[in-house]
């Protein structure tokens, strides 16, 4: 068996096309164009690339994108004051603060300062809590994008044994909640997990987000399983690889996401979907 590739790039492009059409329809109806504020503190090269991709995608679908590139020395107090301004700005539907932040700024304080109805990253405790209570509104972008990828396979998720490897606030934990909502029997694995191989070998669906190249050997993948690889790791020779040993895993899986071109584009597409949702549901 050779796995079918889940083409995140193509699915994300389709979502962006639909969003562009909706924005055009809003304009024609005399409605406001959705606005997204993107804040970057410092000059982390990876963050700069991510932020650039998000801004470009915003412009492609016709959103207003407002950029704030702040120096590393920018204080926490000043950043919180900027967020307060944007919270009160009626032209801004979503506020995105690129993580990680410099050491002198507390991530949780910044995330919680963003008004929940403008939290298009889906990180605010209110929005995570809504997901936990099975009434999601603004959902965490990467897990939301992954659910779109899984749905594209046509596989019924109810009753599947799912394993999430990684328990971060950004991917692993909300991913577990999304899979529970989709009817999976879900196991979350982390650095204290024992018998990881045994758990992976039994899984119908595996989502891996640990940031370690080839962390999951391909032979662990159960024949016919769905494999979602969230990792993007750059090797010394410049090659980008995921957290799963792709070549071998692709021989066992029924569906697999490539790296790059799998989960990454969907994270941005979900961010755009959340921004339009915030405009329509909260701010129109």
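For all residues, glycine too, the Cβ spot is worked out from N, Cα and C.
Feature annotations, reproduced from Swiss-Prot:
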BINDING   166, 167, 168, 232  NADP(+) binding site
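Known features from Swiss-Prot, placed on the structure.
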| residue | record | CB count, 10 Å |
| --- | --- | --- |
| 166 | NADP(+) binding site | 24 |
| 167 | NADP(+) binding site | 18 |
| 168 | NADP(+) binding site | 15 |
| 232 | NADP(+) binding site | 17 |
